[in-house]
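Sequence annotations record features per position, and here TrEMBL assigns domain 'Transcriptional factor DELLA N-terminal' to 24-89. Per TrEMBL, coiled coil is recorded for 39-66. Positions annotated as region 'VHIID' by TrEMBL: 213-278. Taken from TrEMBL, the feature motif 'VHIID' covers 244-248. Residues annotated as region 'Leucine repeat II (LRII)' in TrEMBL: 292-324. Feature annotation from TrEMBL assigns region 'PFYRE' to 334-425. The motif 'LXXLL motif' annotation in TrEMBL covers 342-346. Residues or ranges marked as region 'SAW' in TrEMBL: 428-503.
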Amino acid sequence: MGPFDGGSSSSSSGSCAGKSPEIDGLLAGAGYKVRSSELSQVAQRLERLENVMVNASNEISQVASDVVHYNPSDLANWVDSMLAELTHPQYPPSDLQNFPHHDSWTDQIGNQQNQNLNHNQQLTMVSTMMDEEDSGIRLVHMLMSCAELMQRGDFSLVASMIQEMQVLLIRVNTRCGIGKVAGYFIDALSRRLFSPSSAVCGSDSALENEILYHNFYEACPYLKFAHFTANQAILEAFNGYDFVHVIDFNLMHGLQWPALIQALALRPGGPPLLRLTGIGPPSPDGRDTLREIGLRLAELARSVNVRFVFRGVVASRLEDVKPWMLQVHSKEAVAINSIMQLHKLLYMDPGRASAMDTVLSWIRSLNPRIITVVEQEADHNQPEFLDRFTEALYYYSTMFDSLEACGLQPEKSLAEIYIQREICNVLCCEGSSRVERHEPLIKWRTRLSESGFKPVHLGSNAFKQASMLLTLFSAEGYCVEEKEGCLTLGWHSRPLIAASAWQAVPDEPTRKRDREGDLSI
């Protein structure tokens with residue numbers, strides 16, 4: 001298994017098959033099929049091939065006209081085939097009896113000149129292709145070496161290596177594949193080296209984040225999957241209740257809630273009274289953005305005859321929210337909705353109580369019917385920089401690969417900036433400035449279970465809806481899988497986000513008092 005290969009041994013069900021674990025995952029995302037064990041050998045053979053082609057004579061340009069042996073995506077076999085052809089060229093046999101008559105010489109010469117021209121053009125194309133693939137492989141290894149030097153503190157060597165990679169980047173296509181990914185990671189390394197962490201991590205305004213979030217939502221299915229899956233779980237948890245209350249940890253544009261409002265409007269027996277509490281940061285221009293979103297949602301609810309009450313709670317950080325701000329009533333069925341927010345609580349400030357423990361504690365105190373949690377399926381909270389860098393390089397290479405397959409929507413360029421800012425925060429920032437502390441589902445299972453929550457099976461309806469959602473995207477390769485009651489959405493064999501649902505487990509003393517109270521009655 002290569003340095004970028006990942007996977008899980010747990011049983012799962014899904015609709016797509018994974019790639020062979022022997023193939024290097026990162027290079028496979030760029031379109032190159034190379035076994036991880038052969039990387040160093042392929043690099044040496046590419047260098048040898050480059051020298052051979054530079055010194056190749058015109059007589060062996062015939063190799064460029066053969067169409068049988070070229071499959072550049074199968075890089076190892078392609079290089080071997082090219083070397084075999086160039087070092088052992090096959091010349092046509094000499095046969096004087098077949099020598100052309102004088103009246104056909106002119107045509108033969110003209111045809112030969114055209115063939116030579118085509119051969120030279122194809123040889124140039126093959127050489128360019130080989131050069132780009134060679135450069136892509138070198139970039140991957142240089143990025144890893146640079147990250148290792150960064151961790152060791154050899155900053156002068158890091159600076160020199162960044163310059164070398166920037167020169168090498170000119171030789172690859174930076175609009176897609178490994179060239180684009182390498183460009184973003186070289187930029188992140190440069191920012192970490194040359195810019196103060198506070199300047200790098202504190203420059204994003206709330207308005208910019210909302211715009212980028214919206215474009216990321218439109219460009220690919222990840223946020224839609226999160227919203228649809230969470231909504232289905234909430235809808236099922238509210239079944240039979242006349243007063244329901246959703247607390248959204250990150251309202252943003254309120255993109256998640258029109259679908260839930262419409263689903264509640266169609267509920268047999270009539271819709272409940274819906275209260276929505278949206279948490280969000282203060283607006284930079286002084287506007288009451290949360291209220292504006294609430295008014296739009298209220299207008300939609302009115303149009304489908306759903307009784308609706310909205311409340312906005314302004315907070316820069318989730319840990320600043322207090323339970324009394326949410327005004328939860330005892331007769332309500334409460335749902336807590338966290339879409340890619342809990343990981344921001346993972347920083348441990350030595351001088352303060354754990355933000356994660358604080359928030360999970362007051363969530364339990366509200367006794368919600370359901371807590372929906374969607375998080376990136378990645379491990380970007382590792383203390384060692386090299387480990388974090390390696391995981392991020394593979395994860396975001398897969399993310400960009402999936403985004404490329406979605407076509408040329410106008411939202412895609414801004415969606416890429418949204419992802420680039422995540423990369424920058426993961427790699428450039430430390431301490432409280434590093435908020436993108438993603439952890440995989442297995443760690444969330446342990447954390448939430450130890451904090452007094454039990455998992456809720458998302459069910460077949462959520463799986464079916466998520467699978468139907470992917471039919472809206474023309475790209476093949478997105479994959480929904482069910483794992484122990486949770487759902488993941490990924491690209492081919494790599495899960496990229498995970499959705500789970502939870503309920504609070506009552507404290508043992510509370511259950512005991514309830515039993516004693518029943519007996520006394």
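Yeah, the Cβs are placed from backbone N, Cα and C, and that goes for glycine too.
Because TrEMBL annotations are produced automatically, they should be read as predictions rather than curated entries.
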- The correct DSSP tally for the region 'SAW' (428-503) reads 26 helix, 26 strand, 24 coil
- Segment-level pLDDT (mean, integer) for the motif 'LXXLL motif' (342-346): 97
- Could you give the number of helix, strand and coil residues in the region 'Leucine repeat II (LRII)' (292-324) as assigned by DSSP? 17 helix, 7 strand, 9 coil
